[in-house]
């Protein structure tokens, strides 16, 4: 009998990677492994995805963990460096960086580096989060071209705000803005992340940046467009065990606050997982889990270490039986729809006490 465990399927990760190759056959792939590879384990996932052309991370610490773990392929800091003191570290470890601000540009201009750094100028085409505004972009670009600490040519990237919405006109506007700026320039281009890869093939360019789809999760909220619609397989199964099976009478409440009351005699199961493991405390009664091949609903409030589920009056489930919170047979997208929490957040917020197990052949 096991407590909360995240089982990561190497075969699913590799399958998804090859599916993405089919979606963007003329682009190279930046495997986005930030945030502990979306909860799948940073270094292990990078090793599984050893056919990636580059790895994308958010923080310099993530990049250094990859390097210390033996990863030698290019690594790109998607948010860029945070201070001038990071620059020698980037040089020493051959790490590429996004550049999106005047402060970063000045740090590059003023640094004394042993060799130039490969940079990606980030253009704000409409996300309005990071990036150089279009009206300032040409002057910014000229300074990057003139900077001896910048390896030439300068490369270009941006990020869509609504790529997971196929009917949104914003993506076309952003792409047109990007194209207007990069036209006639020689650097590599990257603008498509997961949504762009699936829905906007005209955005694929030199490199694409798969994130959530690499882990077998759809970026779209519509459950009819979950990962299996695109031939993707869930790489993570979050599971635990029944630690108690109890008779429960009609009219009896369960859990903190007595928020759920049984309408009939039934059998309740107690599962060893809770918000202390990263399972969402906000999951309402009715959120499904999978036990012995059937969905059963959570009842009552999620506790720190446990949830209760209504097994049904005739249930034959026993202590020790496996319980799947999400994975094959119960897509995380469905749990996300029930809880009101995005699938991105569900898979990345698991806590350190959740055990990690990897299945499938190693590379």
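Each Cβ is built from the backbone N, Cα and C atoms, and glycine gets one as well.
Remember, predicted model here, so these are calculated numbers, not experimental data.
Over in Swiss-Prot, the protein carries these features:
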ACT_SITE  34  active site, proton acceptor
ACT_SITE  256  active site, proton acceptor
BINDING   129, 304  substrate binding site
MOD_RES   34  N6-(pyridoxal phosphate)lysine
Cα distance (Å, whole number) from residue 256 (active site, proton acceptor) to residue 129 (substrate binding site): 40
Least Cβ-crowded entry, counting other Cβ within 10 Å, from the recorded positions listed as 34, 129: 129
Other C-beta atoms that fall within 10 angstroms of the C-beta of residue 256 (active site, proton acceptor): 10
DSSP-derived class (H/G/I helix, E/B strand, else coil) of residue 34 (active site, proton acceptor): helix
For residue 304 (substrate binding site), the number of other Cβ atoms found within 10 Å of its own Cβ: 10
Cα-Cα distance linking residue 304 (substrate binding site) and residue 34 (active site, proton acceptor), given in Å to the nearest integer: 27
Nearest-integer angstrom distance between the alpha carbons (Cα) of residue 304 (substrate binding site) and residue 256 (active site, proton acceptor): 11
Structural state of residue 129 (substrate binding site), classified by DSSP into three states: coil
